[in-house]
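*Asks:* I have a structure I would like to understand better, so I am pasting it below and will then ask my questions one at a time.
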């Protein structure tokens with residue numbers, strides 16, 4: 001049995017097989033066969049080539065640089081600051097114009113602070129005391145403004161008071177204004193200049209239209225009628241996120257400006273243009289939640305005639321803008337041209353240079 005199997009296997013090594021074709025004279029079968037061929041061909045042409053553009057090579061490693069510039073002025077008249085004109089140097093942080101910047105829309109000002117002793121803010125729980133032993137000297141007040149001196153300051157006939165501290169005095173006590181101080185900032189404008197490059201195809205572009213009209217950037221505003229203008233009205237940007245400007249200006253928030261580049265580089269460079277999307281990135285909590293909004297503190301320092309340092313403390317509320325850039329470039333793939341046609345060697349020699357040692 002074993003010898004017969006080995007002999008059969010040996011003889012099969014020298015067999016020659018050929019295919020046999022049967023032509024079926026059946027119109028229904030033939031029509032179905034041709035429809036199947038047409039369907040496959042249609043799928044390849046329409047979906048693979050026209051819709052998905054699989055004949056193209058893509059580059060998603062977008063290189064990007066952002067320059068931003070805010071313009072606008074506001075005049076205010078308050079008891080703390082008096083008459084004051086606010087320009088871009090006052091309300092934009094940082095002033096360099098980066099892809100992340102902050103526009104002040106509301107603030108609490110504590111002027112003329114000096115390093116001395118004073119009572120801690122009575123709203124801070126860790127500062128409440130009944131006697132001096134509740135204020136150990138040198139210990140900082142948790143979430144407070146300074147370090148304890150060892151004294152408990154109480155008003156007459158009051159059993160409880162607040163610890164005395166060494167700090168920048170007087171400490172901040174005012175609450176947030178009910179209306180945004182710089183509420184008219186909604187008419188400010190943001191100029192966003194975006195440089196992009198697809199390194200794989202050595203293609204560079206900017207979002208600013210190539211025009212010789214010098215007045216264009218002075219008069220254009222981004223919108224449905226001018227979707228390629230790089231100048232945006234602040235109030236419009238906020239409204240496109242579904243938010244109210246006065247509400248977000250009161251306690252602050254974070255806005256995302258998304259720039260999308262989806263470029264078919266087989267077309268003219270003028271056809272490669274960005275699309276803009278706007279969204280609110282911070283979470284909005286119901287009511288007057290302490291977690292809502294966006295704010296931080298900074299100070300401006302001065303010296304008096306005697307050379308003693310003092311400062312103005314500013315608690316700033318405002319809108320943080322994050323400019324985010326994504327993109328994809330597509331270009332004709334020359335793989336077939338170089339390797340699979342009759343004259344492929346001609347195109348390959350034109351694209352590649354071969355260096356040989358003599």
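FYI, residue positions are counted from 1 along the chain as it appears here.
Quick reminder: no glycine exception, Cβ is built from N, Cα and C everywhere.
Note: TrEMBL annotation is automatic and uncurated.
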*Asks:* Quick check on the annotations: TrEMBL lists transmembrane segment for one of 31-50, 51-70. Which range is it?
*Replies:* 31-50
*Asks:* For residue 135 (disulfide bond), find which of the recorded positions 69, 118, 229, 296, 315 come within 10 Å, Cα to Cα.
*Replies:* none
*Asks:* Tell me whether residue 220 (disulfide bond) sits in a helix, a strand or coil according to DSSP.
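*Replies:* Once the DSSP labels are grouped into three classes, residue 220 (disulfide bond) ends up as coil.
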*Asks:* Starting from the Cβ of residue 189 (ATP binding site), draw a 10 Å sphere and report how many other Cβ atoms land inside it.
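*Replies:* Its Cβ has 16 other Cβ atoms within 10 Å.
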*Asks:* Between the binding-site residues 69, 71, 297, whose Cβ has more other Cβ atoms within 10 Å than any of the rest?
*Replies:* 69
*Asks:* Let me know the most crowded of the recorded positions, choosing from 70, 118, 135, 152 and counting other Cβ atoms within 10 Å.
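*Replies:* Answer returned by the neighbour count: 135.
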*Asks:* Name the residue among the disulfide-bonded residues 220, 263 whose Cβ has the smallest number of other Cβ atoms within 10 Å.
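*Replies:* If we count Cβ atoms within 10 Å for the disulfide-bonded residues 220, 263, the smallest count is at 220.
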*Asks:* Enumerate same-chain residues with a sequence separation of six or more from residue 315 (ATP binding site) and a Cβ-Cβ distance below 8 A; give 'none' if the list is empty.
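*Replies:* Same-chain residues close to residue 315 (ATP binding site) (Cβ under 8 Å, separated by 6 or more) are 107, 108, 109, 110, 172, 176, 295, 296, 297.
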